Amino acid sequence: MRIEQELKLGFKDVLFRPKRSTLKSRSQVELTREFTFKHSGRQWSGTPVIAANMDSVGSFAMAKALSEHGVMTAIHKHYTVEDWAGFVKENDASVLNNSMVSTGTSDADFQKTKDIMALTDDLIFICVDIANGYSEHLVQYVEKVRAEFPDKVISAGNVVTGDMVEELILAGADIVKVGIGPGSVCTTRVKTGVGYPQLSAIIECADAAHGLGGRIIGDGGCSCAGDVSKAFGGGADFVMLGGMLAGHEESGGEVIEQDGKQFMKFYGMSSQSAMDKHSGGVAKYRAAEGKTVLLPYRGSVHTTISDILGGVRSTCTYVGAAKLRELTKRTTFIRVQEQENNVYGKE
């Protein structure tokens with residue numbers, strides 16, 4: 001047993017220090033980023049925010065809506081190949097280039113991914129997604145996927161330390177997904193005692209990835225636009241959002257009415273709700289590691305994503321970053337014990 005004494009930080013532990021700026025308006029901030037990925041050699045241009053591959057967030061409807069903002073969606077893995085065929089038929093490259101095909105690591109998952117990717121050349125992103133990215137099986141699976149799809153952009157995770165980021169990149173991942181337990185409907189840290197404060201995880205993993213020419217996704221832990229900015233400031237190339245994009249018309253799932261008010265169900269992908277729906281219940285050898293909540297129905301996602309991106313633009317003006325890619329270079333975090341004044345409630 002050993003104890004690491006260095007304090008690790010989450011988003012609530014810091015604020016940006018403001019800096020002099022020559023920007024006159026938020027409209028001058030460029031949020032579009034261009035990436036060339038290490039292994040595939042693919043180029044992508046867009047706003048590097050991703051809707052999470054949860055079946056109450058990462059829907060086909062979400063992908064279509066967010067693509068209008070240049071934002072990506074990791075489509076959840078529970079759509080059938082036939083569902084995908086219909087989606088491909090109905091949408092052009094502007095939507096498909098911003099849609100990630102999510103997969104697990106079983107042989108059936110591999111075959112399904114092959115069938116989906118064969119539908120069109122416009123699908124360029126594959127998201128290999130398991131809860132515990134420290135499995136040797138994940139590394140082997142990434143190698144297998146890279147061998148099968150040498151020209152596709154592969155994301156893999158989830159991990160929270162630089163050593164595994166490096167191993168996954170060397171195995172063939174272009175992007176590594178970072179985050180264990182920070183999500184709003186994730187209870188992994190409570191059920192297992194395992195995790196890593198998300199901001200420190202992003203800072204450390206970004207350093208490891210960028211040293212090898214790889215990229216990272218900061219996955220989870222954001223509850224407001226300021227947290228999204230902090231993730232980018234910490235070095236995340238992409239930021240993945242679940243709860244912030246849940247509860248919308250495009251999120252998938254049914255609208256529930258209680259006492260005259262409308263709600264939508266939102267649940268973690270290791271929750272009992274998810275396992276009841278997709279796996280026939282919680283297996284005897286495991287525990288559910290997610291919660292199920294009812295969120296007030298929020299209407300169209302367009303207003304929410306515009307608000308999030310507006311907040312990120314505002315962050316950039318406060319620290320003097322004319323482009324999103326400059327934000328991490330302009331970032332100085334100060335450690336704090338308070339974030340906001342809650343006299344009249346929390347924002």
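Just so it is clear, glycine is given a Cβ too, placed from its N, Cα and C backbone atoms.
Annotation comment: Swiss-Prot describes 108-131, 216-239 as NADP(+) binding site. Counted within 10 Å of its Cβ, the other Cβ atoms near LYS114 (NADP(+) binding site) come to 14, all protein chains included.
DSSP assigns GLY181 (K(+) binding site) to coil in the three-state reduction, placing it in neither a helix nor a strand. The Cβ neighbour count for GLY181 (K(+) binding site), using a 10 Å radius and every protein chain shown, is 24. Per Swiss-Prot, the feature K(+) binding site maps to GLY181, GLY183.
The active site, thioimidate intermediate annotation in Swiss-Prot covers CYS186 and rests on sequence analysis. Counting Cβ atoms from all protein chains shown, CYS186 (active site, thioimidate intermediate) has 25 others lying within 10 Å of its own Cβ.
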Nearest of the recorded positions (GLY181, GLY183, CYS186) to VAL228 (NADP(+) binding site), judged by Cα-Cα distance:
GLY183
Looking at the binding-site residues THR120, ILE216, CYS222, which has the shortest Cα distance to GLY183 (K(+) binding site)?
CYS222
Could you tell me which of these binding-site residues, ALA108, CYS222, VAL228, has the fewest other Cβ atoms within 10 Å of its Cβ?
ALA108
Per DSSP, three-state class assigned to ILE126 (NADP(+) binding site):
strand
Spatial neighbour of GLY181 (K(+) binding site) that is closest, considering only the binding-site residues ALA108, ILE216, CYS222 and their CA atoms:
CYS222
